[in-house]
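The structure under discussion appears below in the form of structure tokens.
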Amino acid sequence: MFKKFFKGSKKKNMVEKKEEVNKKEESEKFQSNIENKKVENAIKEEKVDILKDESLKEKIEEVKKEEVKKEELEEKKTEKKGFFTSLKEKLTKSREGLFGKLKNFFSGRSVIDDEMYEDLEELLIQSDIGFDMTLKIVENLEKEVKTRGIKEAEKVYDVLKDVLERFLIRENNKIELKEDRLNIILVVGVNGVGKTTTIGKMISKFKSEGKKVIIGAADTFRAAAIEQLEEWAIRSEVDIVKHSQGADPGAVVFDTLKAAKSRNMDVAIIDTAGRLHNKKNLMDELSKINKIIKKEIGENEPYETLLVIDGTTGQNGLTQARVFNEVTKLTGFVITKLDGTAKGGIIFAISEELKKPVKFIGVGEGIEDLREFDADEFINAIFE
Ligand SMILES: Nc1nc2c(ncn2[C@@H]2O[C@H](COP(=O)(O)OP(=O)(O)OP(=O)(O)O)[C@@H](O)[C@H]2O)c(=O)[nH]1
Ligand SMILES: [Mg+2]
């Protein structure tokens, strides 16, 4: 009983003490808040007398740091938002072109019937989707509309979005650079599709990720091609291996890989001359380049061979992809100039037919206009 009483009074004391401490803390907090506010206002209004107050020095520094943090956070948020909006903006032509047409096509219809599907086929073929791909799309769409029991034509647009999305390859879209070895990227394609520009954008990206990058100017066909690549190298401050115009591209590749190894590089990217896929000797040269790489790194060692395709060329891009894929084992595609096309359907046709991933898309001429390909982001950017 005593114990209990004693315990009870001890408890009471403790409660009182705690309340006292709480009150003190609250008052201090209140005081500190007032001081903080004073300092914040003083910084905003640049009140020299308060800012010079020695006793508030620490507080002033603290508030300033907090403000910088807040600003940085805001900047990051807007940067992120800006990046995404800009993909949408960059693809405005496609969104308003083919995909805008599709939206109007469905919203202007009252019934879902055979005629609608036939007219849709015509529209897709006109838009460079290609005959085979068009048939596949429409067939899948019809099935899906039936399965979902859709009755209004307007709603078919969303089904089409889902159908198209399924044609995109979602595996290995990203170039995963291995930490413990040299990563080689060979860039090929027909004339003027954007190979060199894509390399320029790529090196800037890898460099900003802290990678050691070297490039090989294996397009020895024109002196201007070497200079063009060199400009990108200077811009991103990366090493370049070059020979003179007319030199053997195979020798450039060989020297690039040797230099990459001895300088302990993370990535070696090789630019090649634009070649028409129907020119046998140029295609043979490409086989030779592949042999040299394999000899250097080992027959079964992986490396990237990216085919750059101009997104504005339509069906011809698909033919290029087929032929290059026979000559050299492609690991993926880069589709460029998507900012300049109202069609933009080539991505679906290439993904579906070659079953290989699109690794990057080019959406402008600037150094920042290369985007890692993200199927969802792409679909959302072209569909309203
Ligand atoms: N709008 C736009 N232009 C691009 C894009 N990528 C490349 N270009 C432009 O396309 C033109 C050709 O680019 P290059 O990089 O020289 O093409 P290439 O494949 O190296 O050409 P060759 O070496 O001659 O075969 C240049 O004017 C580039 O600025 C892109 O994504 N969008
Ligand atoms: Mg070039």
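Each residue's number is its place along the chain shown, starting with 1.
Yeah, the Cβs are placed from backbone N, Cα and C, and that goes for glycine too.
Feature annotation from TrEMBL assigns GTP binding site to 189-196, 271-275, 336-339. Mapped onto three states, the DSSP output places Gly189 (GTP binding site) in coil.
Within the model, the coiled coil (34-76) carries an average pLDDT of 75. Under the heading coiled coil, TrEMBL lists 34-76.
Among the features that TrEMBL reports, compositional bias 'Basic residues' is placed at 1-12.
As annotated by TrEMBL, compositional bias 'Basic and acidic residues' applies to 13-27.
Annotation comment: TrEMBL describes 357-370 as domain 'SRP54-type proteins GTP-binding'. A Cβ distance under 8 Å defines the sequence-distant neighbours of the domain 'SRP54-type proteins GTP-binding' (357-370), meaning residues of its chain 6+ beyond its ends; these are 87, 90-91, 168-175, 194, 197-198, 200-202, 204-205, 235, 304, 306, 311, 331-339, 347, 350-351, 378.
Per TrEMBL, the feature region 'Disordered' maps to 1-27.
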Legend entry - Among Gly189, Gly192, which are binding-site residues, the residue with the most C-beta atoms within 10 angstroms of its C-beta: Gly189
